[in-house]
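Positions annotated as domain 'ABC transmembrane type-1' by Swiss-Prot, on the basis of sequence analysis: 93-272. If you look up Swiss-Prot, you'll see 44-64, 70-90, 99-119, 140-160, 220-240, 251-271 marked as transmembrane segment.
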Amino acid sequence: MPNIPTIPLASWIDKLVDGLTQFEGFFNVITNIIGGIVDAFQWVFDLVPPWLFIILLVFGTFWVNRKGKKWGLIIFEVVGLLLIWNLDFWRDMTQTLTLVLTSSLIALVIGVPLGIWMAKSNIVESIFKPVLDFMQTMPAFVYLIPAVAFFGIGMVPGVVASVIFAMPPTVRMTNLGIRQVSTELVEAADSFGSTPWQKLWKVQLPMAKSTMMAGINQSIMLALSMVVIASMIGAMGLGTRVYFAVGRNDAGGGFVAGIAIVIVAIILDRLTQAFNKKAKSE
């Protein structure tokens, strides 16, 4: 705009990031915690041979979905995972699962309590709603910049960026699920002298479980959508295969890695949906 000074917003943000990087000890603690979770998941995946992993997944699917249509999913799991194994993508797939599961676990641990807090206070909800809107609408690439500044490169900054991008659905659906619990049920719990914690654990959370699971499903899918972006800052996995294929203009390699990501996405999505149906039936 002519004759109007430019607001130095970018400079302010740079100074804020530079100031936060001075808290190196704090970020080292977070790095060690997240790194420990990542190493634990990867150790388990490396310990289990591919054939045993497939068998365990089939049994898990059968148990979760024993009352529903399960054979189509089981056949897809077996064929899809055998294809990934045959293409020599197994290690990449387990690294991708490590990133997704770690991000989803952290998003769940932070998001559910935050959603409960929002459900209990309209003021808190009014404060965090625009924050969640900001987190979901900001391009995911932008999160890589502060993640690298605070945590360096590797799996940890990839997990942090994925958590920020994937957490809002869990928070929103937890808040929504608790608020949708029938007031008659809440009043009945009050009439029996339930404490706020008893009311939360025995009435509100069980009734909101289905809605919360829908949010968790969305968070898992969003975390999986970050695998290619996270590969740009050193997070290993199938996303790295896609990223390298783009750099080499390798259409075949990129599509094959993309198909592997799609297989993982479908399996995770169908499993969480089956778990949600099982929770509803109970």
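Including glycine, each Cβ sits where the backbone N, Cα and C put it.
Each of 44-64, 70-90, 99-119, 140-160, 251-271 was scored by its Cβ pairs under 8 Å to the transmembrane segment (220-240), and the highest score goes to 140-160. Tertiary proximity for the transmembrane segment (251-271) is limited to same-chain residues at least six positions away from its ends with a CB under 8 Å from its CB atoms, namely 57, 60-61, 64, 73, 76-77, 80-81, 83-84, 87, 89, 92-93, 96-97, 100, 217, 220-221, 224, 227-228, 238-239, 241-242, 244-245. Long-range contacts of the transmembrane segment (99-119) within the same chain, counting only residues at least 6 positions beyond its ends with a Cβ under 8 Å from a Cβ of the stretch, are 34, 37-38, 41, 125, 128-129, 155, 158-159, 162-163, 166-168, 170-175, 177-179, 200, 204, 212, 215-216, 219-220, 223-224, 226-227, 230, 235, 237, 264, 268.
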